[in-house]
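Data first, discussion second: the structure below is written as structure tokens.
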Amino acid sequence: MEQLKLWTKKILGFLLGARFFTTIVLAFALYVSTFFIFNTNENIKDFVFDLKVHGIIFCGLMSILTGAMINQFYDQEKDRVVRPFRTKLQSFIQQKTYLISYLIGSILSLILAGIISLRVFIFYLIFQIFIWAYSHKLSRILILNNLLFVSLSLYPFFGMVIYFEAYHAVVFVMAAYLFLLLLLMDLMKDILSQRIDSVLGYQTLPNTISISWTKRISIGVLLLLMIISVALYQLLKNHVFLPYYFLLGLLFFLGLMFLIVFKKDKGMPLIINNLLKIWIFIGIWAIALDGIFSY
């Protein structure tokens with residue numbers, strides 16, 4: 001029985017370290033956005049049997065999983081303070097397990113990318129190099145850490161835009177919307193981990209220009225999100241669900257502004273971060289339902 005508990009803790013710790021559950025949501029988001037936004041030519045049957053698309057998405061997901069492993073390896077000191085529960089579970093796993101898994105996963109994803117095409121191989125090789133560089137060094141550099149984190153999060157989606165040549169105005173406006181949402185999430189995480197970042201030498205906005213100025217920047221990001229929400233409402237007003245999602249977003253972002261300005265306790269960044277995750281998840285479902293009812 002004790003052995004079973006130990007293995008359960010090891011498996012759960014490994015999955016949390018690799019951010020497996022986040023990757024499942026990302027897989028759902030990639031498939032939804034690929035079929036209903038980027039892919040405007042194939043029908044559902046052609047899409048389901050398009051092995052090249054599935055291969056490209058799988059390479060992206062594998063790269064993200066392995067990226068989470070190497071990031072966990074470099075950030076283990078920070079995680080002990082910021083994520084104590086996850087760190088406790090991960091303590092049952094040797095760090096070399098993550099390194100070996102990282103190497104195997106990276107190699108397998110690049111082999112598959114090479115089988116698909118040379119362009120896909122180069123695309124994901126660049127992705128993996130930047131993931132390693134971010135985890136190793138760039139995550140400690142002011143502003144670059146935020147911009148690179150968000151850019152790497154969007155990189156697999158950018159790959160699908162290139163593959164389907166979906167160079168439409170609405171795609172880029174939605175990309176800007178998601179970019180700002182993820183940027184705001186990253187700023188909230190920086191506020192939450194301000195003290196430990198300062199101790200470990202991470203140059204973030206909160207420990208460089210102060211938490212109060214980071215909050216002001218966050219409010220500026222929210223104002224931009226509100227402007228983009230209005231633009232997307234106009235661009236998508238003939239759709240079924242998406243216009244209302246972006247319209248409700250105006251109230252949602254006003255609520256977040258209220259929290260940033262008036263909620264002074266230390267839990268505020270975590271609350272906003274979780275609310276943003278929920279909002280993004282609702283957005284994925286809005287895209288899916290909109291696509292289904294419009295199909």
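The chain as shown is numbered from 1 upward.
Just so you know, glycine gets a Cβ as well, placed from its N, Cα and C.
Record features (TrEMBL):
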type	residues	note
TRANSMEM	12-38	transmembrane segment
TRANSMEM	53-74	transmembrane segment
TRANSMEM	95-112	transmembrane segment
TRANSMEM	142-163	transmembrane segment
TRANSMEM	169-188	transmembrane segment
TRANSMEM	217-236	transmembrane segment
TRANSMEM	242-262	transmembrane segment
TRANSMEM	274-293	transmembrane segment
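Remote same-chain partners of the transmembrane segment (169-188), defined as residues 6 or more beyond its termini with a Cβ less than 8 Å from a stretch Cβ, comprise 37-38, 146-147, 149-150, 153-154, 157-158, 161, 205, 214, 217-218, 221-222, 224-225, 228-229, 231-232, 235-236, 256, 269-270, 272-273, 276-277, 279-280. Packing against the transmembrane segment (217-236) from elsewhere in the chain are residues 169-170, 173-174, 176-177, 180-181, 183-184, 187-188, 205, 242-243, 246-247, 249-250, 253-254, 256-257, 260-261: each is 6 or more residues past its ends and has a CB under 8 Å from a CB in it.
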